[in-house]
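Student: Structure in structure tokens, see below.
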Amino acid sequence: MIAKALKYRKITLLFMLIAIIIGITNFIGLQQRENPEITATVASIRTLYPGASPDKVEQFVTKKLEDKINEMENILKITSTSQESVSSIVVELVPGTDTQQSWDTLRQKLQSAEGDLPDNAEKPVINTNITEISEQILHLVVERPEEFEGLRTLTENWKEQLRTVSGVSSVEIIGLPEQQIKVELDAAKLEKYKLHWGLISQALQNSRERIPIGTLDQNNKRLYHQLTGEWGSAEDVANTIIFRTETAGSSLKLKDVADVQLSTKKLEQKIFYNGKPAIDVAIKAQKGVDIPALQERIDEKMESLKPQLPSQVQLISAFNQKDNVHKLFSDLGKELLIGIIAVILVCSLGLSLSTSLLVSTAIPLSILIGLIPMKLFGVDLNQISIVALVIVLGILVDDAIVVNDNIERRLQLGDSPHAASLGGSREVGISILTATIATASAFFPLYFLKGNIGDFIRPIPLVITCTLIVSMVMSLTVVPIVRQWQQERLQKRSRNRIVQEKSARYPGLLGRQFYRLSQFYEKQLRGIMKRPLLAGIIAMAIGTSSFGLLPLLGVQYFPPAEREQMLVDIELPTGSTFADTTDTTAAIGAWIQKQNGVKNVSAYAGRTSPKFYYTEVDKFDSRVGQVLAIVDQRKVTTSELVSNWRKGLTALYPGVQITPRELENGPPVGAPIAIRISGTDLNELRVVSNQVQQLLHDLPGAVDISDDIGKAIPTVKMALDKDKANYFGVTEKDLSATLRLATDGIHASDMQLANRLIDINLYSDVALGNGNGKQTVENLLIPSQNGHLYALKEFVSFHEAETMSKIQRYNQMRTITVRSYTDGALAADVMKLLQPKLNALKLPDGYSINIGGENEERDKSFAAIGQLSLVVLMLIYIIIAMQFYSLTTPILILSTVYLALGGALIGLYITGAPIGFMALMGVVSLSGMVVRNGIVMVEFVEQAREERGLNLNDAIVEAGKARLRPILLTAATAVSGLMPMAIAGGSLWRPMAVSIISGLIYSTVLTLVVVPSLYKILASWKMRRSAHHGQHEVEQPPIDL
């Protein structure tokens, strides 16, 4: 291959130029985003059962749906929450499952379960897009909430206009109360006319229903016929005829027995921006769209819409992904550029200026060409793919350095330019091929990691593998072609011959120093060869000693994200009203706005902020609030604020669960400490939950401790006397419906208004829950089947009790989850202290405790990485064994991996970085990087012995001397390429860079001793064994490249 490339070098360079042009075009067309897209293996199911208590929702809705869902295959877990009137179920699939097929099956299962649900339960609504995040969140800020109604038409128009923007998947208006036609029934008039609320509802439904007439042929024309007369206003609804009286021409209309008006539904979500009322416009992007380009299209559309905005309304862009993408690419781009410059400078230390520039061209060209297949694999430009380029930066020049150095060596031996280029490339060709495959083998198995973590890091193995292959091809084709051309050109210029000879002897800025170092190493190596066993033992002992640092290192799955956004979660005690939530959330937002370093504050009552980050989860509850603060990171970091805000807010609002926190990196985990307690009886579960919470309170570092069931709430239970109810002609349906009329209302029909459908809801003129006492409830009039009204107390008895506000289930078992955050301690350290205490707890029969949170996710990921590490080592072993036709040589070379692991631990300890997923990624990366030098060194020894007939000691010494400079240069380029990330790469990437850098430095130094020593020991043993058996080693024919 090399000979052909040199012979037809113009054709070779032409193909390379074409590949570069394709690469540039492809690079420009790659989509940009902050993080890789993660396949959604989670779906939510929400089912309304109006008026039902949590235990009734669990019994008649949640359990029935769970049973059907559990019939599906590939279900990883089912979690659910049953609370008043609502059942919420979350289904998570086994990673790697065909989601589309599974969601189709889920819909079929839910449809088949509808017949088993109560009559007044609504159809389950499935959402398979809960992982979608907002591309941009806009605030429409007003002075008074009354101004919202004037923005209704405007926001609806904006919603429709923004949905037409290419790349936008959906637009949501948040914080604007829905309109309704409110029909408030007059109980006294209903009794007068002996009307039942059901007759009113039926009359409204009949008036709304329109059966299509179809088409008729008239005068040779087909005409579509349509019945007109649909409602268009509240007045039209009010004029709906309920029934006609016996008096001719007289009829009873709805307005005769009810007050009908256009109003809004009860609002249970409120938004404040810097203390002022606001409405949100949340814009979500389609999958695979280029974020900066989409934002430009959105901005262009908004420019045309802004003139419609009233002058007193502020339009604020609270968040957009484009800003984060630009900052990310700016930071990582600087690291990449600094890394490239550093690699070029390092190359120039041991190579001449021309050759260092030649070698360095492998970086941009390998990146451009290597990214060509990325679109086929669905990889775009994001922080993971850019980091992959930073990781591979220093490795891309390794092959070019090795080839160039060997060509230089052949030139010094007197070969012609052609012979040196061809021979020098061929000598190292097989070892370079093996080393490249070995390095790629260390990364590529990561492609097969499943789940969210697999989706998150998948660009790393793809980018590194593709660019490494391109780098290898370039080093074996372009480098020898250019070196031959350079040398032929120099030979034609006799005046430069002296310069050529001088630079050939001491190439690079530190050429003379490298020469002296090689002489020193040669001397030391000859000494090592006299006592290889002692030298090998000492070197391995030094390497092993570093493993003593392992117990001193902390463990952290993923560090917090270093973003300018900071969240404060708020949850009020059970029994709190939405008004309480609104007041508390607004007050906390105002307090945060006054804190140092805070630029602006968005406060949400009744819900969390619209999902703007991939690890966040939407939450809706009347007792829930959240504050999103934007922090000026030039003044203060979010990590500095978490503890201060926790102390300040907890003191101001005792009894309110307030959790300041940073955004997460990696897969979504939630609270880092989560203890699941499962059983049957809620009271027993609560007792165990209190015990676990007390254990956490006693541990240092555990803060914001709570469970997900809340306190029991005072409840008035009504026991129906069925005999009396039958006597009075009152059904349970009449009873529950009347109570619903007096509280949340009943949906009767709907009406088209300004191109949107709004509900028509019935209400009683006696509203409960507004401070009315027990007497009001007892005397509530219930209609009977015979048209009479009876007081509720006639057939219902009342008694006070306490009930749970919600019932949680995990994999079809009632479960309470105790959660905790940490302050000043790692979650793993807190769990080490907690685990023995949990094991000592005595649980009732049938009850269990399981660990969730960071511990659960970390153990799964670490186990997967451990399995992949074994696969990596096995692949590398097989590759090396195939090249050297030996079962012992791979063990010798793999000893460098052991040394590198020890070096990684030293680096993590010195920098204070914990062992986490990214640090382990660095260790896996080291496996392929450090074996390269060992492979090339052993290959040189083998060639010296077989082709040149050198004895064992001379072969090892000559190979070591010849390989010293490229070994040091390749290690130095890899280190220099990663150094910017180690210094300024942030908490996510710094541990990985540190582990690679320290592992490379440590293993490189010890490899120069260990590999020659172990090779001498193994080769001597083989020679003695061959001599003993009178056999000779079988020589393998060389492979011609």
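Every residue, even glycine, has its Cβ placed from backbone N, Cα and C.
Curation plays no part in TrEMBL annotations; they are all automatic predictions.
Quick paste from TrEMBL:
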TRANSMEM  12-30  transmembrane segment
TRANSMEM  336-353  transmembrane segment
TRANSMEM  358-378  transmembrane segment
TRANSMEM  384-407  transmembrane segment
TRANSMEM  428-448  transmembrane segment
TRANSMEM  460-482  transmembrane segment
TRANSMEM  533-558  transmembrane segment
TRANSMEM  864-884  transmembrane segment
TRANSMEM  891-910  transmembrane segment
TRANSMEM  916-938  transmembrane segment
TRANSMEM  967-989  transmembrane segment
TRANSMEM  995-1015  transmembrane segment
Student: What residues in the same chain, six or more past the boundaries of the transmembrane segment (358-378), come closer than 8 Å to it by Cβ-Cβ distance?
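Tutor: Non-local partners: 16, 19-20, 22-24, 26-27, 29-30, 37, 288, 340, 343-344, 347, 351, 385, 389, 393, 396-397, 399-401, 404, 459, 462-463, 466-471, 474-475, 478-479, 482-483, 486.
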Student: Let me spell it out: take the transmembrane segment (384-407), skip the flanking residues so only those 6+ beyond its ends count, and list any with a Cβ under 8 Å from a Cβ in it.
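Tutor: Counting only partners 6 or more residues beyond its ends, the transmembrane segment (384-407) has Cβ contacts under 8 Å with 35-36, 328-329, 332-333, 335-336, 339-340, 343, 347, 351, 355, 358-360, 362-363, 366-367, 374, 420-421, 424-425, 427-428, 431-432, 435-436, 439, 456-460, 462-464, 467-468, 471-472, 474-476, 479-480, 483, 925, 929, 932, 936, 965-966, 969-970, 973-978, 980-981, 985, 989, 992, 996.
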Student: With a cut-off of 8 Å between Cβ atoms, can you find at least three pairs linking the transmembrane segment (916-938) to the transmembrane segment (428-448)? Only pairs 6 or more residues apart in sequence count.
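Tutor: Yes, the transmembrane segment (916-938) contacts the transmembrane segment (428-448).
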Student: Okay, the transmembrane segment (864-884) and the transmembrane segment (428-448): do they have at least three CB pairs under 8 Å, pairs separated by 6 or more?
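Tutor: The answer is yes, given that the two segments have at least 3 Cβ pairs within the 8 Å cut-off.
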Student: Near the transmembrane segment (460-482), which same-chain residues lie under 8 Å Cβ to Cβ, leaving out any that are not at least 6 residues past its ends?
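Tutor: Distant Cβ neighbours of the transmembrane segment (460-482) are 1-2, 5-6, 9, 12-13, 16, 358-359, 361-362, 365-367, 369-374, 377, 379, 384-385, 387-389, 391-392, 395-400, 402-404, 407, 421-422, 424-425, 429, 432-433, 436, 439-440, 443-447, 921, 1041.
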Student: Take the transmembrane segment (336-353) and find every residue of the same chain, 6 or more past its ends, with a Cβ under 8 Å from one of its Cβ atoms.
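Tutor: Apart from its flanks, the transmembrane segment (336-353) reaches 359-360, 363-364, 386, 389-390, 393-394, 397, 401, 404-405, 503, 507-511, 514, 965, 968-969, 972-973, 976-981.
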